[in-house]
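Below you'll find the structure, written out as structure tokens, and then a few comments.
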Amino acid sequence: MTAAVWTLLLAYLFGSIPAGVLVARTYGVDIRKVGSGNIGATNVLRALGWGPALVVAFFDVFKGGIAVLVARAFGLSDWMLGGVALMAVLGHNYSVFLRFRGGKGVATSFGTLLFLDPALALWTFPIGLSVILLTRYVSAGSMTGGVAAFVLSLALGRPLWEVATVFLMALLIFWTHRENLKRLQEGTERRLGERAEAR
């Protein structure tokens, strides 16, 4: 196989590493059976607190970034960089190690964007964070961040491959948050700081 195919596969496998499951397991907890059942940092925060959640968030961000760095090391084209970024996110969302289930891809999307286009990532981050702090809904901030990244990529005149990549990542974020969106509309979505209970 070519370097491009190997890198896409590696990005998917690296994205598939379920940090939330592994960290929670060290505390004797199956994070998939607590709270929302999601393996991401937000559910880990509700179940185990800030320390474990920050470890999970850090890993989920940087596994996306490392995939991009590997692609650059192989000298892949810009469009392939976008493909690698998306494969890392898909790995997180549909992990081969979890029977193709996984997280929601927000931290991993941010990590890939941080290494693809640091300026765009750093413009997007405070927008999503502001929504989280104002509403205490992580899901609302995540979806807002996805939209903001896409709009900013257009407004700042980013190349087509990057705009397309960001657009697809935003679509994935909305897809994985479809149940959250429904709960937001119903007024039943959990807010940041609420503790998770066993399912």
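Quick reminder: no glycine exception, Cβ is built from N, Cα and C everywhere.
Swiss-Prot annotations:
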TRANSMEM  3-23  transmembrane segment
TRANSMEM  50-70  transmembrane segment
TRANSMEM  78-98  transmembrane segment
TRANSMEM  113-133  transmembrane segment
TRANSMEM  154-174  transmembrane segment
Recorded stretch that, among 3-23, 50-70, 113-133, 154-174, has the most CB pairs under 8 Å to the transmembrane segment (78-98): 3-23
Tertiary contacts of the transmembrane segment (3-23), as residues 6+ beyond its ends and Cβ separation under 8 Å: 30-32, 38-41, 43-44, 48, 52, 55-56, 59-60, 63-64, 66-67, 70-71, 74, 76, 80, 83-85, 87-92, 94-98, 102-103, 108
